């Protein structure tokens with residue numbers, strides 16, 4: 001066991017203070033954003049509707065989730081372990097969840113205020129760059145808050161709990177990941193149900209443009225951008241940040257002792273500085289493309305981050321593994337060591353690998369989804385032979401790009417492994433450090449991502465208010481296009497952090513199992529032996545791999561289905577409004593925007609429970625039912641299938657979106673042609689892919705990994721042969737399986753009923769009209 | 001080591017004789033089919049065109065593959081091992097490949113002769129049941145041939161090579177799987193390129209019905225049914241049969257000694273008898289649905305198979321593991337034993353688990369893709385909100401059904417594992433036996449599947465010839481609908497055999513590695529130690545899992561892309577014919593059917609190489625590059641992602657197909673409505689899913705597993721630390737990676753060129769017209 005030296009305590013305290021400083025910076029930036037003009041009364045009125053809808057949704061969501069959090073808090077406390085640490089972990093869970101929720105709320109709160117300000121700025125003559133600035137600064141506030149809260153939470157836990165910090169931090173990461181997953185799923189369903197529903201009735205059936213005020217779903221669509229792309233994304237990135245940091249601290253202690261636990265905090269503190277730098281240097285110069293300015297900010301901050309991390313490594317870490325404080329926690333470390341035999345070199349190179357990975361993903365994602373790249377042009381070209389070939393070619397692009405991105409991430413893991421020279425613990429720590437390196441750019445990434453929904457919303461407000469002239473409208477269209485690209489890039493990077501964090505957590509899981517096994521004292525025999533074996537060739541481990549992959553498929557299917565169903569309900573509602581109020585089409589009547597917002601809120605909160613329960617209970621069922629080896633297989637299957645599925649969904653969606661833009665810009669017949677209709681179908685298919693199912697897989701993977709880490713000791717304790725706990729274990733597995741499976745079945749039954757009701761209502765309405 | 005006793009030799013000889021008897025039965029059934037009337041001159045002319053096209057394609061395909069087979073023969077011979085056994089294995093590879101090709105050719109040859117006979121029979125008054133009988137008997141010929149050649153090959157190898165039979169059989173299984181994979185991919189691309197191309201121009205653009213003789217792609221479409229659904233499927237099921245048997249023999253020797261090696265042969269010999277029974281009892285009574293008769297045949301033969309297998313187990317195996325001849329090959333067997341401690345009970349129950357699994361999959365597949373079941377009705381209902389929601393709901397159904405089917409397969413593996421009471425080798429053998437049990441129904445399954453393309457073709461010939469009255473046409477439409485369902489069921493069962501065989505082979509792989517490691521004498525240290533570790537928690541093992549899943553995604557993407565591209569080329573060709581020969585639409589000119597057949601042949605042979613090279617070389621790159629542990633992870637990732645992807649693709653395709661049929665039967669507006677157009681798009685998306693990418697994943701998984709088994713000793717030998725072989729190993733990995741990756745890149749470049757050419761040709765033609 002390990003106690004922190006005074007030097008380390010001072011450093012951690014400084015890191016915590018840097019976290020507070022980052023929050024102060026966020027506050028200052030926030031004032032700058034809010035100081036901008038709020039535009040015309042029409043703009044303000046629309047923005048107010050969006051603000052109210054978004055706030056109402058998040059409030060209801062948090063009320064629902066609070067109950068869930070309390071239950072998990074109690075369950076966590078019931079797990080075996082030392083009382084004080086257990087309480088600390090449970091409290092840290094609540095804090096992590098609260099931070100995640102706070103970041104999401106803050107992101108949404110500011111975005112719904114920034115959107116109208118961006119629209120107002122763009123409406124002024126020559127206000128394009130000013131608009132871009134406001135949008136990017138808004139993202140900066142969220143980015144700095146993510147970094148600040150992450151550092152504050154992790155730093156405080158280390159200061160208070162010292163050697164027990166890793167265990168307590170598991171709770172912190174779990175809370176952050178669980179909340180983020182719910183916000184991703186709920187927000188993702190909301191935003192895409194509204195978007196798809198609005199498009200199907202508006203663009204396809206009625207032939208009115210996007211964001212037309214006659215469409216009852218437009219306000220819901222704009223609310224969705226904020227609760228999904230903004231609140232959900234911010235919580236997701238905070239969770240990535242927290243979980244990667246947690247994994248790095250746990251593994252750092254195992255591989256490099258005290259200094260290994262402190263160094264990741266230093267890297268992320270550097271990330272805070274780098275984020276601020278990135279936000280401040282990003283200024284659109286003259287007439288240049290907004291994307292160019294953002295990319296410049298990214299690359300500058302990436303390079304500075306690598307350099308500073310190397311400086312920190314050489315200043316703080318010793319030149320030999322033998323000189324590490326507190327000693328390594330593993331047996332093989334001394335025997336094998338790293339290739340360089342210098343912790344400073346290993347740590348600095350690992351951080352560099354992570355930053356490089358971010359850069360490569362940025363490039364690959366751009367290549368496969370950009371409007372000028374070959375794959376997307378190919379998808380656009382297939383629109384000449386109809387919607388079916390558009391869908392097929394987009395799926396092909398998605399599959400292929402997923403393979404390359406996964407390959408690059410795998411290469412990064414291999415690089416860390418090679419650096420570690422065969423020492424598994426050091427390799428895992430270096431992988432976690434690479435994740436921290438990737439996250440030094442998180443401030444800029446969040447800023448980039450928030451840019452998307454804010455400028456999308458700004459365009460919507462401008463369109464609906466009618467108060468923006470052609471120059472301003474063009475400026476906002478440009479900003480929106482930039483936002484599409486930045487959103488796609490962010491997803492790629494978020495997925496990479498998920499894989500690195502999950503791989504590292506996988507190590508924490510093995511650590512937890514081995515400690516527990518050592519505690520139990522023997523490995524037993526027969527079935528029990530198989531339950532504790534990590535040999536991948538055991539058939540039940542393979543069953544675990546299959547079930548892990550299956551969980552990813554089921555989760556994705558549930559998310560896509562939820563959007564399809566909720567969008568269907570919205571289509572029926574908007575059709576009803578058009579039918580019962582013919583004045584809407586002639587601008588004489590105002591559609592009831594609020595009803596669509598209500599439907600979205602109701603449906604997404606209803607649909608959110610099933611995937612959440614599945615993610616939380618599937619690993620419990622596998623672990624208690626089949627053992628720790630199969631649970632490891634389960635996690636591996638979930639990571640392997642998850643990374644491919646997530647990138648496939650994100651990139652095919654991105655390619656379809658931009659193929660549509662290519663056609664809208666005049667290729668293959670342009671707007672209104674059959675080719676355009678074909679790409680609109682592709683884009684609609686891609687909506688739930690890229691904004692609901694795909695991004696929710698990141699937190700899913702991490703939630704399942706953390707659940708596994710948390711239950712590992714209990715599973716091991718109950719796997720002792722001929723123990724009275726045997727039936728308790730089987731019972732727990734059955735209950736968990738019943739909860740996960742029951743949620744899916746219940747969702748199916750409810751869905752069938754909702755389907756029937758909607759159809760009957762529509763038929764009755766039509767029949768009533770016919771009379 | 002083990003030598004076969006006289007009793008066992010006699011039994012194996014009898015089993016081999018049963019294989020010959022099955023082939024004789026197939027010959028008798030074939031004469032019955034050919035004895036039926038060949039219909040009107042118009043029918044014969046069309047059938048002749050289909051026959052010529054199919055034969056020309058297969059001949060060209062075999063010429064291409066012969067070269068590939070020679071190269072693999074040489075490479076196999078170069079692998080380390082005893083000279084005589086090595087030569088035997090290489091020869092067995094050629095025999096397996098030749099058998100696979102022969103089955104495919106036979107299936108095609110008979111199907112293109114049976115189709116016209118089914119059409120002729122249906123054209124006669126009251127000829128419906130006679131038509132169904134001919135179609136099912138045709139399948140029976142193929143089924144009996146599959147069983148006969150499988151038994152003959154395996155039996156001869158065991159008789160000749162005795163204790164070395166397992167190693168030689170690896171070659172046999174590998175040859176069968178490799179050829180089948182190529183035939184599945186090539187045939188799958190051919191059939192769906194023709195189908196999609198024909199539909200896009202015919203149904204969608206010109207509004208003419210399916211199989212209309214004015215469509216230049218119709219003959220190619222009919223040829224495709226035979227080379228894809230018939231030849232490819234027959235080769236695939238033969239390969240499932242051969243590989244499962246190989247795995248069972250290898251593991252049987254390891255778990256139960258001599259009797260363990262002989263018993264699986266007995267089970268499959270029972271399968272031959274059961275298949276004949278199934279084919280003979282399947283008669284359509286009166287006006288009953290053809291599916292009902294087929295299901296009856298399936299269930300009767302399944303029950304008889306279970307009973308006979310139990311009788312064989314109790315007659316042949318001893319009542320205690322201690323009395324097994326030759327002793328078990330594993331150390332843990334004596335210590336752990338099975339739960340029942342009775343090999344007869346274990347073996348009989350394992351076979352029963354396999355047969356039960358077949359029945360459950362039959363039911364699940366029917367539930368998710370049947371025309372009267374809720375999920376398909378839901379997909380049909382979403383056609384009311386357009387093509388995008390049809391695509392999304394179909395994907396949702398596919399994801400969900402894949403999860404349940406994978407879950408059932410996983411449950412079967414767990415059941416075998418529980419029977420084995422924690423003995424891994426026994427568990428693996430019981431899993432392989434469950435696979436053999438599943439395959440006792442293969443004769444009926446092949447008959448069921450062949451039913452599909454034959455009746456589809458018969459309908460096409462009837463439509464094109466115009467010589468069939470309304471009653472006959474209705475009879476053929478009924479048969480076609482039954483064929484759609486049987487095809488979907490067969491795919492589910494084929495996938496289940498793939499997973500069971502792959503899981504068992506996974507054990508053979510571990511066995512090969514452990515023998516090799518024992519031969520090398522020590523496990524080394526550092527990186528080399530990691531290369532030989534089977535611990536799933538190693539980060540490089542996780543990299544293996546990610547890469548395995550990635551290979552499945554890439555393979556699927558390549559297959560889907562190949563169809564999209566080839567279909568595009570056909571669309572341009574058919575459009576050109578309509579444009580340059582306006583007489584076609586008025587029946588004054590006859591379209592050039594042959595040109596479309598040529599394009600399909602050329603494109604599918606061109607596209608077939610890339611996925612084939614990927615499957616063969618990816619495991620080589622991973623094995624030599626990262627080690628045997630990561631290669632095990634690679635296989636696990638491929639199995640886990642593969643089973644889900646295969647079922648997802650098959651079932652979403654099936655659901656879309658039948659959703660279209662539901663709308664065509666009058667729901668949601670019926671034929672010609674917008675809802676119908678939406679379901680046609682869904683069906684077209686599903687075509688390459690269910691008939692190209694999905695079914696090709698079965699042989700893919702097995703090819704990769706067998707490659708891993710074959711290279712395992714070489715990888716281990718080269719992983720010794722500080723050996724001169726180190727750089728050879730790295731070099732081999734680089735070459736393999738370069739071949740796999742280079743094939744993908746070359747395919748991309750070629751595709752881009754083809755795309756450009758096709759587009760330029762069309763633009764030039766349009767410009768020339770404009771003048």
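Placed from the backbone N, Cα and C atoms, the Cβ positions cover glycine too.
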### Summary
As TrEMBL has it, transmembrane segment corresponds, among A:262-284, A:469-491, A:561-583, to residues A:262-284
### Query
Out of A:663-683, A:726-746, which range is noted as transmembrane segment by TrEMBL?
A:726-746
### Query
TrEMBL lists transmembrane segment for one of the ranges A:448-468, A:700-720; which is that range?
A:700-720
### Message
Can you identify, from A:62-79, A:116-133, the stretch that TrEMBL calls transmembrane segment?
### Response
A:62-79
### Task
Could you check if the transmembrane segment (A:167-185) is in contact with the transmembrane segment (A:262-284), meaning 3+ Cβ pairs under 8 Å among residue pairs at least 6 apart in sequence?
no
### Message
Across the coiled coil (A:744-771), what does the mean pLDDT come to, as a whole number?
### Response
76
### Message
Does the structure show the transmembrane segment (A:390-418) and the transmembrane segment (A:6-29) touching, where I'm treating 3 or more Cβ pairs under 8 angstroms (sequence separation 6 or more) as a contact?
### Response
no
#### Entry: Chain-internal residues, separated by at least six, CB under 8 A from residue A:487 (site 'Determinant of potassium independence')
A:229, A:449, A:452
### Query
Against which stretches of its own chain does the transmembrane segment (A:700-720) lie, if we need a Cβ under 8 Å and a gap of at least six residues from its ends?
76, 79-81, 170, 173-174, 177-178, 181, 239-240, 243, 498-499, 501-502, 505-506, 508-509, 512-513, 515-517, 519-520, 524, 528, 531-532, 548, 551-552, 555, 611, 615-616, 618-620, 623-624, 627-628, 631-632, 634-635, 638-639, 642-643, 726, 728-729, 732
### Listed stretch, out of A:6-29, A:62-79, A:134-161, A:262-284, that has the most CB pairs under 8 angstroms to the transmembrane segment (A:91-113)
A:134-161
### Message
Which range wins on Cβ pairs under 8 Å with the transmembrane segment (A:262-284): A:6-29, A:62-79, A:134-161?
### Response
A:134-161
